[in-house]
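What Swiss-Prot lists as topological domain 'Cytoplasmic' is 1-23, 85-91, 139-148, and the listing cites sequence analysis. Per Swiss-Prot, the feature transmembrane segment maps to 24-44, 64-84, 92-112, 118-138. Taken from Swiss-Prot, the feature topological domain 'Periplasmic' applies to 45-63, 113-117, supported by sequence analysis.
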Amino acid sequence: MRGDNTGVGKEPAVTERPAIKGYLYVLGSILLVTLAQLAMKWGVMQLPAWQASLDIMLAHPVPLLVITAGVGCYALSLLCWLAALHFTPLNIAYPLLSTSYALVYLLAVSIPSFAEPLEPGKAVGVIFILLGAVLVGIKPVGRKRNAH
């Protein structure tokens, strides 16, 4: 049935390559959604008082451009996420997406223009998020993980 071009009845080959590709797409989605959050935060911080007025936005084209780029990053993140779901089990990919919360917090407290305080309770929360993502991503000893 190799010559059949319909694809009916064929099982996808399970190899390490799709699993790696899936993790790369998850990583792309995480990085893009993080960039989107930071770009939109920076953009709205540059506007006088938050008003959804076209006049205010047109008077500040750079923040508007950065906000638009942030929305574009969300769109690209969605494309990466859809690709990730093709190659990665949902019960692995979705918890890994939570690392974006930790990454946004860590970058927001690290970038001086955001002036976000580093708070001990939140830092512990970030550690728990990252630990949870690692625990979900660990392959149990003696068990194989399917690519789909």
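Every residue gets a Cβ built from N, Cα and C, even glycine.
Keep in mind the model is a prediction, meaning the values are calculated, not measured.
Within the model, the topological domain 'Periplasmic' (113-117) carries an average pLDDT of 93. The helix, strand and coil residue counts that DSSP assigns across the topological domain 'Periplasmic' (113-117) are 2 helix, 0 strand, 3 coil.
Beyond the ends of the transmembrane segment (64-84), by six or more residues, the same chain brings 21-23, 25-26, 28-29, 32-33, 35-40, 42-44, 46, 57-58, 93, 97 to within a C-beta distance below 8 angstroms of the stretch.
Same-chain residues lying 6+ beyond the ends of the topological domain 'Periplasmic' (113-117) with a Cβ under 8 Å from its Cβ atoms: 38, 41-42, 45, 105.
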